[in-house]
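Chemist: Mind looking over this structure? Questions follow.
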Amino acid sequence: MSRVIHISSNEELDKHLQAERLVIDFSAAWCGPCRAISPVFEKLSNEFVTFTFVHVDIDKLSGHPIVKEIRSVPTFYFYRNGAKVSEF
């Protein structure tokens, strides 16, 4: 069972940005590499249970300021206590 939270609103994303340890998967339904990496992301969510794992479809949340930063998918952001610490 996956622990990945699928974000459906800007408010929900803002709430999760304050998590102690957060990993965000930015992707799109039309993106083949995104679909390929999804099972790995889900597996990692079960292995690293002290982290919050969320999935953001960039086409559904295109108005969020963080989503506007995304230039390619998949993109992963890592946050700790509300601050971005890394990305790839």
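Here the Cβ of each residue, glycine as well, is placed from N, Cα and C on the backbone.
OK, Swiss-Prot features for this one:
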type: DOMAIN; residues: 2-88; note: domain 'Thioredoxin'
type: SITE; residues: Asp25; note: site 'Deprotonates C-terminal active site Cys'
type: DISULFID; residues: Cys31-Cys34; note: disulfide bond
type: ACT_SITE; residues: Cys31; note: active site, nucleophile
type: SITE; residues: Gly32; note: site 'Contributes to redox potential value'
type: SITE; residues: Pro33; note: site 'Contributes to redox potential value'
type: ACT_SITE; residues: Cys34; note: active site, nucleophile
Chemist: How many helix, strand and coil residues does the domain 'Thioredoxin' (2-88) contain under DSSP?
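Modeler: Split by secondary structure, the domain 'Thioredoxin' (2-88) comes out as 28 helix, 26 strand, 33 coil.
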Chemist: Go through the recorded positions Cys31, Gly32, Pro33, Cys34 and tell me which ones have a CA within 10 A of the CA of Asp25 (site 'Deprotonates C-terminal active site Cys').
Modeler: Cys34
Chemist: Relative to the Cβ of Cys34 (disulfide bond), which residues of the same chain, six or more apart in sequence, are found under 8 Å away?
Modeler: Asp25, Ser27, Ala28, Val73, Pro74
Chemist: Of Gly32, Pro33, the recorded sites given in the record, which has the fewest other CB atoms within 10 A of its CB?
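Modeler: Sparsest of the recorded sites Gly32, Pro33 by Cβ contacts within 10 Å: Gly32.
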Chemist: Looking only at the domain 'Thioredoxin' (2-88), what is the model's average confidence as pLDDT?
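Modeler: Computed over the domain 'Thioredoxin' (2-88), the mean pLDDT is 97 on the 0 to 100 scale.
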Chemist: In sequence order, which same-chain residues at least six apart have a C-beta under 8 angstroms from Cys31 (disulfide bond)?
Modeler: Val73, Pro74
